[in-house]
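Here is the structure we will look at, set down as structure tokens.
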Amino acid sequence: METRSSPKLRRLRCSVQKYDWGRRGAESRVAKLFALNSGAEADPDRPYAEFWMGTHGSGPSFLLPAGCGNGGHKVSPDVTLKAWISSNPDVLGDKVVAEWGCDLPFLFKVLSIAKPLSIQAHPDKELARALHKARPDVYKDANHKPEMALALTKFEAICGFISMEELKQVLCDVPEIAELVGSTDVEKFIKLGEQEVEKAKCLLQSIFTKLMSASADIVALAVSQIKSRLELESQVRPLTDKEQLVLRLEKQYPADVGVISAFFLNYVRLNPGEALYLGANEPHAYVSGECIECMATSDNVVRAGLTPKTKDIQTLCSMLTYKQGFPDILKGVPLKTYITRYIPPFDEFEVDRCVLPKGSSAVFSAVLGPSIFLVTDGEGTINVGSVKQDVVAEGYVLFVPANVEIHVTSVTELHVYRAGVNDRFLKSRELENGKKSQI
């Protein structure tokens, strides 16, 4: 166990995932951060997709040994953050331990996307438990996976079903859909009244399920017809943004049902500093760009298109909410000078973004749960109270225990991101405990 005199900050060596959709070598921020963080050289010919910071077994973080920014505290080079937390659960704070046990409830990532990820959704807790029990080789944990993407660059995604009116227009403008799924449900949907929301959900589920379940030959023919028609029409009219996206997807995933399913989903474009959150059972696919991502500690993904990986179409089509409408875009809430907070409607996590001009300082107030800090750009110093300052630079990742205030000063312009447990959850639990103590 840790002693009271032990240094507060723990520098981490983190893991990388080299999925095929990742950006390659020098084009990938993930590759650069991983190389700086680990001291390993990035392979210019390999894709670097995700940089993982946390305790998930598929990509664990490790405590760096003495002399690597851990204040001289001796740590074996192969001690995982999860093992260390298990031996020192007090670093999580009482409320986190009471709710989630001796583990981080969130997983922090950076993504570098060269081509679209799969059309996918993440299960809620009940479904996650059932899927893990039935197919532990595919669904490797029993947790749900709400998530949030915070754009580092211009960022594209498709997510959530378009509104009823938009979908009516799509069904009229894309005749290949009716040819593929049959005209009965399509005609019924087009005739729906504005208030018939539940009927819309049922018909949307029927249409989308028939689309995603169609045979490969029928899908390939429909995609080919859509491509040919749009290429011809582009000669006499400007294509819509969605139509241009569909043609891009077809080039990357020819004959894939995900190309057609994009017509059903909202096309979202984020500027740097904007964020998108995704709850359980909502369809989505990240298309391009780089982002900070945070989620509940899980790697459960149900896929159905735009991927060579295992698809589980029946599960995906049965689990979706079929809620329609454009998703909320978070622009962050100013917390202090230089610090903006992004607060999704999930207990497990929130993210702070700090952009410090050269020679400036900021204070991250103590919170009731643990945090992970990532430096994505620049150099500076970081310290706890009057403790000697540690130099930090791009690629540094630090674990900070609960109830620790952090002071950051920039040498050059410094970009720091912090992931932590949602403060609303922590404060609500504190309030509940306060009321109980008064009874």
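Heads up, the Cβ atoms here are built off N, Cα and C, so glycines get one too.
Taken from TrEMBL, the feature domain 'Phosphomannose isomerase type I catalytic' applies to 10-161.
Same-chain residues at least 6 positions away in sequence with a Cβ under 8 Å from that of HIS284 (Zn(2+) binding site) are, in sequence order, ILE119, GLN120, ALA121, ALA157, ILE158, CYS159, GLY160, LEU265, LEU278. Residues annotated as Zn(2+) binding site in TrEMBL: GLN120, HIS122, GLU147, HIS284.
Per TrEMBL, the feature domain 'Phosphomannose isomerase type I helical insertion' maps to 183-265.
The active site annotation in TrEMBL covers ARG303. Of all Cβ atoms in the protein chains displayed, 22 besides its own lie within 10 Å of the Cβ of ARG303 (active site).
Feature annotation from TrEMBL assigns domain 'Phosphomannose isomerase type I C-terminal' to 342-386. The DSSP breakdown of the domain 'Phosphomannose isomerase type I C-terminal' (342-386), given as helix, strand and coil counts, is 0 helix, 24 strand, 21 coil.
Distant neighbours of the domain 'Phosphomannose isomerase type I C-terminal' (342-386): 8-9, 12, 29, 33, 53-54, 85, 91-93, 95-96, 99-100, 104-106, 108, 110, 146, 148, 150, 152, 273, 275, 277, 279, 292, 294-297, 330, 332-333, 335-336, 392-427, 430; these residues of the same chain sit at least 6 beyond its ends, with a Cβ under 8 Å from one of its Cβ atoms. When DSSP labels each residue, the domain 'Phosphomannose isomerase type I helical insertion' (183-265) comes out as 63 helix, 1 strand, 19 coil, counted as helix, strand and coil in that order. Neighbours of the Zn(2+) site: apart from GLN120, HIS122, GLU147, HIS284, residues of the same chain with C-beta atoms within 8 angstroms of the site's C-beta centroid are ALA121, LYS145, LEU278, GLU282, PRO283, VAL301. A C-beta separation below 8 Å, combined with a sequence spacing of at least six in one chain, links HIS122 (Zn(2+) binding site) to HIS144, LYS145, PRO146, GLU147, LEU278, ALA280, ASN281, GLU282, SER298, ASN300, VAL301, VAL302.
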